[in-house]
Amino acid sequence: MDFKVADLSLADFGRKEIRLAEHEMPGLMAVRREYAESQPLRGAKIMGSLHMTIQTAVLIETLVALGAEVRWVSCNIFSTQDHAAAAVVVGPEGTVENPQGVPVFAWKGETLEEYWWCTEQALNWPGGDGPNMILDDGGDATLLVHKGAEYEKAGAVPSATDSDPEEWHVIIDLLKRTVGPDKTWTKIAEQIKGVTEETTTGVHRLYEMFKAGSLLFPAINVNDSVTKSKFDNKYGCRHSVIDGLNRATDVLIGGKVAVVCGYGDVGKGCADALRGQGARVIVTEIDPICALQAAMDGFQVTTLEEVVSYADIFVTTTGNFNIITADHMARMKHNAIVSNIGHFDNEIDMAGLARVPGIEKSEVKPQVHTWAFPDGHQIIVLAEGRLMNLGCATGHPSFVMSNSFTNQVIAQIELFTKTDEYPIGVYVLPKHLDEKVARLHLDALGVKLTELTKEQAEYIGVAVEGPYKSDHYRY
Ligand code: NAI
């Protein structure tokens, strides 16, 4: 088996944590039981690009239990848990000497070159074949396949320019090496039946490609299942934003002024958690609806400019770029903590920060850096501006990820087994499946659901067994 992880000897520790996680992931375990016999993913060759954590290990082994062949990478250079990666490679039946699990190409602290190399490896099955399904988080695997196929069609790879981000240079170098007359990327794209996308940012990219007419295969938007974005993005971040801050800095949050940029699902979870710790939370927003929500939830809503000089903690949650600029950071108070929990590292202008004349970066510990300005004040930047909850802590806990990943597995089964029903486009899972995912998690929390009577169901115009809401209901 080909694979590349940090240290296979961590597999035993990883396996113990996977066993604990399985108990906290009732949705995934129920899906394993439901499909044990029918094996709906037999024949599926799934390339996954999603944070290689313990929870993801349970997802991967669920896909395998349903018959799939899988190859995996992390979708972030800092988010791999090395013991999880090792355990997945070794597999439940294998040993360190004789690994029998799944090829994983991921370790914590990859360089950008290594990151994209890993993605390339996972997209190439031994024997020169590619995957027939992608499971993506943030859209990097989908992007690579699309760009490769696009440049093969054009017959050339354009050069990156000085104004392009560093990462684009790395991607272009990879494509210059791999785009060629044998049309590897085009062949990979042709074989892919579809992609299931985990997060807001990746979904955004998919809709853009579909609008531009460049999307090459159908996609299921897992993010907008209610049991994903209204749970993982919100309650997951409510847990892991504090975990990231604590593990990185251990600063007392109570009494501090914390700024949350963006009040979407992630922002709502972060603001709630910081308030729960006793911080005075201030929200910034561009959308009047979200701004009004924040105000009515009791938060001060103002601009970053107003608060940048006195806030203690900053968390960006927008999925947008240049939210916190180098100029903002120059005006922050000494030891202000600057962090991002949105998908990419350009929410905080890290490139601009590095260009400030006389600035000095110093590592406190991995994923925690001080940046000292020439005037003597410094700020603390978490995870180099990348996802702080995955870079500085261990991301979301198992129970909430069980909701997200049960959607992922159901979406993979949908696209793989009903390919003809999904012409190229971007889809969300039907509501009865969304409700099913929630249902699978109720018992574990001791929830007793009230059942509609037949008369009540008729009165409100739904079936007794659901779905209970119209598609446009917002929860
Ligand atoms: P969302 O679209 O619900 O929320 C983003 C909010 O930011 C919107 O309300 C938007 O109006 C606001 N916004 C945009 N530009 C802004 C600006 N210049 N200033 C202030 N506010 C601005 O998206 P969601 O689901 O909350 O996701 C946000 C990001 O977090 C995405 O990149 C997503 O991929 C990522 N994400 C990260 C997770 C993690 O574990 N770290 C988990 C789930 C999502």
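Quick reminder: no glycine exception, Cβ is built from N, Cα and C everywhere.
A quick note: this is a predicted structure, and the numbers were derived from the prediction, not measured.
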Among Glu22, Glu24, Glu167, Glu198, which residue shares the substrate site with Thr53, Asp137, Lys228, Asp232 according to TrEMBL?
Glu198
Over all pairs within Thr53, Asp137, Glu198, Lys228, Asp232, the annotated substrate binders, what is the largest Cα to Cα distance, rounded to whole Å?
17
Of the binding-site residues listed as Asn233, Gly264, Gly267, Glu285, His396, the one whose CA lies nearest the CA of Glu198 (substrate binding site):
Asn233
Which of these binding-site residues (Thr53, Asp137, Glu198, Lys228) have a C-beta closer than 6 Å to some atom of ligand 1?
none
At a 10 A cut-off on CB-CB distances, which of the binding-site residues Lys228, His396 has the highest count?
Lys228
Of the binding-site residues listed here (Thr53, Asp137, Lys228, Asp232), which is spatially closest to Thr199 (NAD(+) binding site) when Cα positions are compared?
Asp137
Inside 10 Å of the Cβ of Thr199 (NAD(+) binding site), count up the other Cβ atoms and send me the figure.
26
State the three-class DSSP label for Gly267 (NAD(+) binding site), counting H, G and I as helix, E and B as strand, and everything else as coil.
helix
